[in-house]
Amino acid sequence: MYDECATNTKNHKNLNCLYNKKAPQLTDKTGLDILLQLCPYMHPCVKAKNLIISSGANATYTCCSTNQLKTLQSNLQLPYQYLSRCPACFSNFVAMYCEMTCSVNQSTFTDVTYVFELNYTMTNDYAYSMFRSCSNVSSPSTNTPALKLLCGPYAHNCDAHKWITYMNSVSNGLAPFQIDVTFSDNSSVGMNYQTGKCNETQLNGDDACSCNDCPSACDGPPPTPPTPPKPWLICGIDGYYFTMICVFAGFCVLRHCTFLILAFKAGIVLDKPLASDDELGLVEKWGLFLENCLQSAFRKWGKVCATHPFVILFAGIVIVGVCGYGLRYMTITTDPVELWSAPTSQARLRKDYYDQHFGPFYRTEQLIIQAPRSKTSFYYPYTSSTDKSDQQNITFGPILDKAILHEILSLQLEIEKIVTKHGNETIGLNDICLKPLAPFNNNCTVLSVLNYFQNDHRTIDMTAMTDGGFFLQDDYHDHLMACTSGAASIDDATKLHLSCLGTFGGPVFPWVALGGYNGTKYLEATAAVITFPVVNYYNDSKKLDRALAWEKEFLSFMKQYVLRNGTNLTVAFSAERSIEDEINRESGADVMTIIASYLIMFAYVAIALGRFGSCGFAGTMVDCQLAVGLSGVLIVLCSVVMSLGIFSYAGVPLTLIIVEVIPFLALAVGVDNIFILVQHYQRYGWRPHETPENRLGRVLGEVAPSMFMSSISETVAFFLGGLSTMPAVRTFSMMAGLAIFCDFLLQITCFVAILALDSKRQNANRFDCVCCIKVQDKEPTENDGILYRLVKNYCAPGILSRCFRPIAVCLFVGFACFSGAVLHKVEIGLDQSLSMPEDSYVLNYFDGINNYLSVGAPVYFVVKEGQNYTNPDEANQICGGTGCNNNSLIEQIARMSKMPNYALPIAYPASSWLDDYYDWLKPQSSCCRYSTTNATETFCNATVVSDACTPCRSAEESAQSSRPSPEEFIKFLLWYLNDNPEMKCAKGGHAAYGSSVKMVSEGNTSQTTNQPFVLPIDHKPTLCSNQPPTATSFMAFHTVTKTSKDFIGCLRHANEIADQISMNTTAEVFPYSIFYVFYEQYLTIVHDTIFNLGVSLAAIFLVVFLLLGFDLLSAIIVVGTILMILLDMFGAMYLWSIPLNAVSLVNLVMAVGISVEFCAHVARAFAMSQRRTRVARAEEALAEMGSSVLSGITLTKFVGIAILAFSKSQIFKVFYFRMYLCVVLLGASHGLIFLPVLLSYIGPKRRRGQGKHQALHDESAKLHNDDAFSRNIMNESDPLRTRVVGGNVPVNH
């Protein structure tokens, strides 16, 4: 054959002429240049492994003319763009056509039967060797092997014979005529070009292929996955279990050896006080002085409040009103990013960086569709091949039935037609959707299997018969087979000749559009996934509101669609706004549950504070203290209002978790103090000649130090919790601390004033709540209450009995050891489904994700400013093609994605704009060309046919240096980023990389390339910038993420990969994915938990130590008990499947505060007691404070918590009902059982001189020994013997 003399009427391609003469000499410079590009080994100036361009005479004889070489160059454009990144592969591949077209020996292995048909014989050695050199070459833009795009219908089982057969078939749209290939095992029969190895430099001087395209070019062996850590085992037992068993066993032995002895002695040995003040140590004196000062100050303050109640109440109302007025400035944030991610956190800063440079990640509207009534089918593709592997039947999943596809397409088209009103605008999907090729292609991106058929019913129904018309040759099955193998194919290589590209101009990858299949068996899918990407906006709420309005209408439509009758589809759906909408709906739905919970607690408090000793109605109405109880609850709510109002003044936004949790916390702390104050006032009657004001002052002086100690401990602990970096935890801690402090202030002011007024009402025998009604004089009621008598007479003696105490210690220590053993097994994270209501449609969507999605979220590896891509050395740190470093960004990500048997987070290699740019620039392609008119350079894309268009880089320049110069790199980059991919140039970067490169335009205004540099309609842009790119991104995909553990693992591993890459690049590299900002908290949640709980415990220790009169042992015991409560909380979280996350951390911080209430009052009562033994002192403390704590916190919370069990919200049931119940149970059991028992063993000694040096009396010292106090002293038969804290008790020494 020689030259061209005809045109194929079927495909309009040039045909060769029959020629049986001697090969003519090629002298045309254009022909020689093309020959040098395509077939350099035939050029006489090419020497082995060195390229020498001669300017002398040429003696090249070929069987091809310049016209043939031009046609060959044109026909090889598509293979060249995909294979030239590996020089050995392309050289070996193109040799097949060089030999067939230009070899002087072509007649020995070709047989031309007709002008449009050719028989071609080649050896298997060449075929297999050429295939091996190309089998690993990747396509940077699609993250898939290049052969998947070039093997046509055989992509799923491509081999050397099938690939060569397809590439030479006229059906592929590239071959000008049919070339029938015969393969010979005899190396002397047929074309047997000596292929080059991919890891060697080529004859024309091209470098070896990269490691990414040629595994044999990699340095060293392939990476192996790290060995997973071995479980910690001791003697075949879990190390944590073994350690805790040993600790518990050691404790039991120690208890038997020591505690039994101490327990025996504790019952008979007295802690005698010293006889004189001089024997008091300095610490004891300071402690005693501080105690007396506090009691004296509170006694005087109580007398003031009781004397001027109306002034105090008026001042309190004014202060509450002023603070509460701040609520008009209140804002509530529901944005998860603002709630759980600190503005200075790494993920938040990276998100902001990505959003500012590349635009926010697009909004996602998604459907997951099943066809439960459809069945799996089998298809037998037509083939004339005798190869059995080509004659097998193909399995098609139920979702790919033609009728089902039509029904899915109808649904998709209905969605695309949805419109809604927003203001004066009518908003449709086309107004908000992502359009990667705009303005040249204004179709919306729809990632759907139906886009393989360009969203057209008629295309689905298209068929093609054999030439004789007797058999069905191709239909939608064949098209699906081709497109799932090569999603970026412009021609499916079937007789249908359909494109696989979507209407938006880009590919739809099968792992994105299909689900429910194994491995890469896409055609066996059981679910279809339709994704509508919607443009997101950075700091543009008006445009964002348009998208939100359409999403609302979309969700309304889908909710109606799933209720339709007669559909064969089961659809799970979600919009970008769905989760936030459902969380808000959930919060609204549980408002009544929360209100009911609080109302029941309020009612209980109001009733329980009363003292009902009279049988008659009138006496009961006088004795009851409903007004006092309601006032106490109202004061608790006022403290919450004050806290929220003050922070609202400061512009701090509230969160739903604050609104829901802080009232619960304030009620627990506040009600406990109210019960202690009221019940102490009720139990300890009047002293002779004592006025109501003096009595109230005396009572406040006795109990306020305990209230002050617990409140200040909690306030300081919560304020220190504000050091947390997690916004929701920090804001909660600060507001909770202020609420508790305000609650304490209101209790010692307004509530004392109310108690004084109520005391006057009772003394005047007036009805409660209806003060205008007065009854005749009645005797004062003396009734300690059932709960108090129960605790004093039965519970306290039983708990502190000699038999029960060791059992209690063993049980509590045993559970603490168990909790320590399972501490590391508490799950970290928050299952998305828990945040949804039980009846939410989003739960079905989450199930669909878990069961059917085959790929995770995109992950972008962002290279920050500072990487100079015009410098080859720095570019080689990033790219993945020829000449790039083996440890480059692209190479490392590719290796991680291919690492076998290791659950790494990268599912597919990263796409690389840089590698595709280098391929786009090559002169052999027709991608980069320009024409010059009036000194203005205008871009010519591949479709422009004009002799005025010249390549951007000449063949000589490309041969001398495969990389462009810095000037060329910058000069042509914008053309590349605005060039649309098409048949003759699939490397155009507009669709794939339009927003991946951040450029700096004139005036140093930073812009993304797809926004300021939009090409005119004629697609002939001129240069817009002379600045290099700044930030760039490279997109890969995560593996499927189903659980919090998966999300956290992806984030952690991606950070590790980026850190490793950054070690080999000039600029910093970091990963970004849409979910990172939500899951970063879990990377440090353990540290945050330790920090928040640690600083809280430290604060409590310091406050208790100071306010208990520098009592070190009491402070240690209190903090140790609270620490055990927290440890047991983790054990309960493990048993009840409560994960550790920000919500549970807030509850744990709250648990610290409530635990102080359970422990501090009992510990202080023990320290103040003057009973003769530790057991007796513990019994007295439990009797005096136990009933108040039990009724004030435990029973109050049980009533409220029980209501939460009926909530529809899963998050309420798990994190509020379960955790609150655990807090109350563990707090009450430790504070009322374990702590008294522990104090009875190792509690601090009696305060030396405590009885002699007390200054609790408010009148004359003579009153201290007055016999009139006898009614306040227990009878000799009283098991506790003493009940007065403020008087001397006769003690027999």
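For all residues, glycine too, the Cβ spot is worked out from N, Cα and C.
Keep in mind it's a predicted model, so treat the numbers as computed, not measured.
The annotation transmembrane segment is assigned in TrEMBL to 240-264 (among others).
The transmembrane segment feature in TrEMBL is assigned to 309-327 (among others).
Sequence annotations record features per position, and here TrEMBL assigns domain 'SSD' to 590-757.
Annotation comment: TrEMBL describes 591-614 (among others) as transmembrane segment.
If you look up TrEMBL, you'll see 626-650 (among others) marked as transmembrane segment.
Annotation source TrEMBL lists transmembrane segment at 656-678 (among others). Packing against the transmembrane segment (656-678) from elsewhere in the chain are residues 332, 334, 339, 583, 587, 594, 598, 601, 605, 608-609, 625, 628, 632-633, 635-637, 639-640, 643-644, 699-700, 703-704, 706-707, 710-711, 714, 728, 731-732, 735-736, 739-740, 743-744, 747, 751-752, 755, 1143, 1146-1147, 1150, 1153-1154, 1157, 1161, 1185, 1188-1189, 1191-1193, 1196-1197, 1200, 1216, 1220: each is 6 or more residues past its ends and has a CB under 8 Å from a CB in it.
Under the heading transmembrane segment, TrEMBL lists 699-720 (among others). Long-range Cβ contacts of the transmembrane segment (699-720) within its own chain (Cβ-Cβ under 8 Å, at least 6 residues beyond either end) map to 291, 294-296, 298-299, 301-302, 305, 669, 672-673, 676-677, 680-681, 684, 733-734, 736-738, 740-741, 743-744, 747-748, 752, 1095-1100, 1102-1104, 1107-1108, 1149, 1152-1153, 1156-1157, 1160-1161, 1164-1165, 1185, 1256, 1258, 1285-1286.
Per TrEMBL, transmembrane segment is recorded for 803-823 (among others).
As annotated by TrEMBL, transmembrane segment applies to 1090-1108 (among others).
Among residues of the same chain six or more beyond the transmembrane segment (1115-1136), those with a C-beta under 8 A of the stretch's C-beta atoms are 812, 815-816, 818-820, 822-823, 825-826, 1093, 1097, 1100-1102, 1104-1105, 1108, 1144, 1148, 1151-1152, 1155-1156, 1158-1160, 1163, 1218-1219, 1222-1223, 1226-1227, 1230-1231, 1234-1235, 1238-1239, 1242-1243. Summarising the annotation, TrEMBL assigns transmembrane segment to 1115-1136 (among others).
For 1142-1167 (among others), the entry in TrEMBL reads transmembrane segment.
If you look up TrEMBL, you'll see 1188-1206 (among others) marked as transmembrane segment.
As annotated by TrEMBL, transmembrane segment applies to 1218-1242 (among others).
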Going along the chain, which residues at least six beyond the ends of the transmembrane segment (1218-1242) come within the CB cut-off of under 8 Å?
259, 262-263, 266, 664, 795-796, 799-800, 804-805, 808-809, 812, 1113, 1117-1118, 1121, 1124-1125, 1128-1129, 1132-1133, 1136, 1138, 1144, 1147, 1150-1151, 1154-1155, 1157-1159, 1162-1163, 1166, 1174-1175, 1177-1179, 1181-1182, 1186, 1189-1190, 1193-1194, 1197-1198, 1201, 1204
Which sequence-distant residues neighbour the transmembrane segment (309-327)? Criterion: at least 6 residues beyond either end, Cβ under 8 Å.
638, 641-642, 644-649, 742, 746, 749-750, 752-754, 756-757
Outside the transmembrane segment (626-650), six or more residues from its ends: residues with CB under 8 Å to it:
316, 319-320, 323-331, 601-602, 605-610, 658, 662-663, 666-667, 670-671, 674, 678, 731, 734-736, 738-740, 742-743, 745-747, 750-751, 754-755, 758, 768-769
Quick test of the contact rule: Cβ under 8 Å, at least six residues beyond the ends. What residues does that give for the transmembrane segment (1142-1167)?
339-340, 657, 661, 664-665, 668-669, 672, 676, 705-706, 709-710, 713-714, 717-718, 721, 726, 728-729, 732-733, 736, 740, 830, 1081, 1085, 1088-1089, 1092-1093, 1096-1097, 1100, 1104, 1108-1109, 1111, 1114, 1117-1118, 1121-1122, 1125-1126, 1129, 1133, 1177-1178, 1180-1182, 1184-1186, 1188-1189, 1192-1193, 1211, 1215-1216, 1219-1220, 1223-1224, 1227-1228, 1230-1232, 1235-1236, 1239, 1243-1244, 1247
